[in-house]
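A short worksheet on the structure shown next.
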Amino acid sequence: MTTKMFYDKDIDTKPLENKKIAVIGYGAQGHAQANNLRVSGFDVIMGLRPGKSFDSVKKDGFEVYSAAEATAQADVVMMETPDELQAAVWEKEVEPNLKAGSDLGFSHGFNIVYGLIKPNADINVMIIAPKGPGNIERRQFVEGGGIPSLYGVHQDPTGDTAEVAKAYAKGIGSGCAGILETTFEEETTEDLFGEQAVLCGGLTQLIEAGFNTLVEAGYSPELAYFETSHEMKMIVDLIFEGGFEKMRHDCSNTCEYGEMLNGPRIITEESKQGMRDVLKDIQDGTYAKKWLAEYNSGLKDLEKMRTEYKSGLYEQTGKKVRAMMPWISDADKYSTAADTEQFSAAK
């Protein structure tokens with residue numbers, strides 16, 4: 001099946017014009033989307049809980065209200081709080097104040113797909129899912145570009161929800177990169193699988209396993225870090241630009257032969273079965289139940305794992321290596337103040 005890609009020239013922003021947009025939450029995506037929409041000429045207000053971010057958003061020049069107050073004023077409400085908090089914010093503040101015929105948007109379908117949020121039938125429900133972190137989304141926009149987004153419709157009582165979703169995606173800058181249609185279920189399943197099996201879970205385990213293999217064999221941790229982690233960005237950039245073909249073309253013949261010969265020794269049938277098991281847990285709701293139970297228990301296991309990883313040799317070596325290259329930190333100029341503060345504290 002061929003998926004149509006929409007660009008700026010294909011999308012009319014009129015369905016979103018003259019509508020007040022309330023972005024609920026000012027984390028990475030909320031920050032990027034609200035700022036990009038405002039620059040694109042849309043009427044944006046923020047809905048937040050009192051706290052540091054409330055004051056930070058005011059300094060950024062937005063009108064700031066509670067989530068309930070922002071929802072009551074808005075025609076479009078975009079849920080940008082963390083997945084694990086959305087159901088509570090929805091139940092207490094958004095649902096009681098959402099007008100019939102309003103557009104309710106999400107950047108990830110978790111709460112809709114797993115039944116944690118169930119909007120009334122008279123509410124338009126859409127997804128606009130940027131395919132990248134918020135700071136990159138903001139950076140690309142400021143530099144004149146954008147990142148691709150997916151859009152989809154869950155409920156459409158007014159008949160124009162898809163057009164509103166595409167206009168929103170254009171407003172955050174995705175029209176110059178490409179906008180693709182999806183469904184809530186497809187976006188949620190593929191996003192969770194990609195994160196867990198490949199982009200984050202699979203990749204971090206692969207990198208650390210390679211690092212440990214070299215160190216255990218007596219090689220320098222710093223050089224092992226360069227070989228298994230630091231160079232990863234350059235290899236991924238080649239794949240990003242031209243797929244595996246460009247990566248193989250730009251690497252040596254020695255590298256290419258070794259990659260094709262020995263790659264299957266690393267990603268074995270057992271690894272592939274593990275991926276299928278991860279996918280099944282996402283599809284049948286097992287992972288969602290585990291994650292919500294973990295959150296409701298106070299994140300004890302997650303905090304334990306975070307502590308273990310931070311104290312490990314790989315992370316400690318990475319800090320030493322990155323300290324030798326201070327220019328690396330200059331690349332991250334578009335995180336929210338809260339993100340930067342949290343990351344600095346973690347370091």
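Heads up, the Cβ atoms here are built off N, Cα and C, so glycines get one too.
What Swiss-Prot annotates here:
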| type | residues | note |
| --- | --- | --- |
| ACT_SITE | HIS108 | active site |
| BINDING | TYR26, GLY27, ALA28, GLN29, ARG49, SER53, ASP83, GLU84, LEU85, GLN86, GLY134 | NADP(+) binding site |
| BINDING | ASP191, GLU195 | Mg(2+) 1 binding site |
| BINDING | ASP191, GLU227, GLU231 | Mg(2+) 2 binding site |
| BINDING | SER252 | substrate binding site |
| DOMAIN | 3-182 | domain 'KARI N-terminal Rossmann' |
| DOMAIN | 183-328 | domain 'KARI C-terminal knotted' |
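Where Swiss-Prot records a feature, it is marked here on the structure.
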{"residue": "TYR26", "record": "NADP(+) binding site", "Cβ within 10 Å": "28"}
{"residue": "ALA28", "record": "NADP(+) binding site", "Cβ within 10 Å": "22"}
{"residue": "ARG49", "record": "NADP(+) binding site", "Cβ within 10 Å": "15"}
{"residue": "ASP83", "record": "NADP(+) binding site", "Cβ within 10 Å": "20"}
{"residue": "LEU85", "record": "NADP(+) binding site", "Cβ within 10 Å": "14"}
{"residue": "GLY134", "record": "NADP(+) binding site", "Cβ within 10 Å": "24"}
{"residue": "ASP191", "record": "Mg(2+) 1 binding site", "Cβ within 10 Å": "20"}
{"residue": "GLU195", "record": "Mg(2+) 1 binding site", "Cβ within 10 Å": "14"}
{"residue": "GLU231", "record": "Mg(2+) 2 binding site", "Cβ within 10 Å": "11"}
{"residue": "SER252", "record": "substrate binding site", "Cβ within 10 Å": "9"}
- Cβ neighbour count (10 Å, all chains) around HIS108 (active site) is 21
- Note on the structure: Spacing of the two Cα atoms, LEU85 (NADP(+) binding site) and GLU195 (Mg(2+) 1 binding site), in whole angstrom, works out to 20
- Task: Do me a favour and check the Cα-Cα span between GLY134 (NADP(+) binding site) and ASP191 (Mg(2+) 1 binding site); whole Å is fine.
- Result: 15
- Might you list, by sequence position, any residue in that chain lying six or more from GLU227 (Mg(2+) 2 binding site) with a Cβ less than 8 Å away from its Cβ? GLY210, LEU214
- One should report the C-alpha separation between GLU195 (Mg(2+) 1 binding site) and HIS108 (active site), rounded to whole angstrom, as 13
- Message: I'm checking region-level scores; what's the whole-number mean pLDDT for the domain 'KARI N-terminal Rossmann' (3-182)?
- Response: 96
- Query: Among the recorded positions HIS108, ASP191, GLU231, SER252, which ones place their C-alpha within 10 angstroms of the C-alpha of ASP83 (NADP(+) binding site)?
  - Reply: HIS108
- Nearest to HIS108 (active site) in three-dimensional space, by Cα, is which of the binding-site residues TYR26, ARG49, ASP191, GLU231, SER252? ASP191
- With DSSP as the reference, give the number of residues of the domain 'KARI C-terminal knotted' (183-328) in helix, strand and coil. 127 helix, 0 strand, 19 coil
